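Quick look at what Swiss-Prot lists:
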type	residues	note
BINDING	C37, C40, H41, M114	heme c binding site
SIGNAL	1-23	signal peptide
Amino acid sequence: MKKGFLAAGVFAAVAFASGAALAEGDAAAGEKVSKKCLACHTFDQGGANKVGPNLFGVFENTAAHKDDYAYSESYTEMKAKGLTWTEANLAAYVKDPKAFVLEKSGDPKAKSKMTFKLTKDDEIENVIAYLKTLK
């Protein structure tokens, strides 16, 4: 009986923590935060790639989904594994791109051109809310 309560408590704590980490963001605020990303990315439909790919339509798409962008082998490995840009994956990626790519590609030599990190949870939530509108 105690094990059942313990397991239920752990499950509830994990579910709560996951939900708290991905609270609903503000898309308008996220558009403002995305200005930090403009040196390397565009956000317009049909926009050009820069150092990084155009991010229009990235949400719920697979990793390395843009045919006109030269992704590294690490990103094509993530695509081959079926990685999709969900809220959780985007949040983990923008928080620490290098660590994310190392973990998800399975390649200990994995690299990412993206060195910029968003560290504030509210900015991450807001940028994700903005990316969700770009479809």
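For all residues, glycine too, the Cβ spot is worked out from N, Cα and C.
Other residues of the same chain near the heme c site, with their Cβ within 8 Å of the Cβ centroid of C37, C40, H41, M114, are L38, A39, K50, V51, G52, L55, F116. When secondary structure is read from DSSP and collapsed to three states, C37 (heme c binding site) falls in the helix class. Cβ environment of C37 (heme c binding site): F43, G52, L55, F116, V127 lie under 8 Å away, each six or more residues apart in the same chain.
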